Amino acid sequence: MFNIVDKIKEFFSEILIDMIKENLSGMLLDINDKVSTIANEVGKTPSGWNSEVFHFIKSISENVILPIAGLIITAVLCIELIQMVMNKNNMHDTDTFEFFKYIIKMWIAVWLVSHAFEFSMAVFDVAQNLIGKAAGVANASAKVSPGDIANMVDSLKGESIGKLMTIVLETAIVKMIIQGISILITVILYGRMIEIYIYTSVCAIPFATMGNKEWGSIGTNYIRGLFALGLQGLFLLICVGIYAVLVKTLNISDIHKSIFELLGYTLILGITMMKSGSIAKSILNAH
């Protein structure tokens with residue numbers, strides 16, 4: 001009789017332990033995939049992320065924005081010429097070298113505007129190189145092995161059915177929250193890339209203002225914003241790398257504590273990734 005009861009308890013215990021193992025695998029092994037996925041996504045250039053969207057944005061930049069930038073740079077150069085003439089006492093104090101400098105400045109300004117899109121893309125080529133190097137470090141140090149999960153599950157053998165059911169419920173809830181954070185991370189990654197496309201589509205206009213002292217701050221701040229978007233990708237990868245390493249160092253001897261620590265780490269990850277853009281802008285003083 002007692003053997004039958006023990007067998008029933010053992011049967012249900014094995015079922016509950018398998019459920020716990022499945023939940024833990026879904027949480028912890030997904031972290032490995034998430035690190036590599038984020039490294040792959042943030043490391044893509046605008047042309048590599050989606051070629052069709054890239055060509056659409058490039059077409060907008062060349063066919064719609066560039067003519068507007070041409071009008072702006074014409075106005076800027078006219079203002080510069082008028083100011084130069086007035087500063088020279090209405091041409092009475094003529095300096096040939098000043099006109100020579102004006103012609104060179106005009107040529108450089110026009111050249112910058114005509115190549116503004118290429119300069120904008122170059123920023124993200126540099127960012128891709130930085131992220132690629134950082135991704136190698138993150139992938140090497142943030143692996144959660146199946147053996148770690150097996151050790152956590154082994155510590156549950158001999159526990160009561162009531163306690164195992166509690167752990168099943170805890171792991172299921174935490175797993176759902178982590179999946180929600182995973183969706184949030186995907187939204188952040190896609191939102192960043194769409195912001196990059198929008199930002200670079202109008203790049204010719206800020207570049208057109210850089211030849212004027214009064215308007216030059218527009219172009220300068222735009223370039224800071226470009227580098228901030230590139231730097232944000234590195235910060236996103238750093239956030240996930242830190243998260244993965246923290247998960248790897250969880251105290252597996254106390255599964256209750258480990259689960260709630262994991263929940264805390266995941267919530268912090270979501271918050272820091274949402275703030276990554278503002279951190280990058282504050283570092284580069286972009287607004």
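Cβ atoms here come from the backbone N, Cα and C positions, even for glycine.
These come from TrEMBL:
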TRANSMEM  64-86  transmembrane segment
TRANSMEM  106-124  transmembrane segment
TRANSMEM  167-190  transmembrane segment
TRANSMEM  196-213  transmembrane segment
TRANSMEM  225-246  transmembrane segment
TRANSMEM  258-274  transmembrane segment
CB contact flag for the transmembrane segment (225-246) and the transmembrane segment (106-124), at least three pairs under 8 A: yes
Range from 106-124, 167-190, 196-213 with the greatest count of C-beta pairs under 8 A to the transmembrane segment (64-86): 196-213
Remote residues contacting the transmembrane segment (167-190) - C-beta distance under 8 A, at least 6 residues beyond either end: 16, 19-20, 23-24, 26-27, 30, 34, 38, 41-42, 156, 159, 236, 240, 255-256, 259-260, 262-263, 266-267, 269-270, 273-274, 276
Remote residues contacting the transmembrane segment (258-274) - C-beta distance under 8 A, at least 6 residues beyond either end: 27, 152, 167, 170-171, 174, 177-178, 181, 184-185, 188, 236, 239-240, 243, 246-247, 250-252
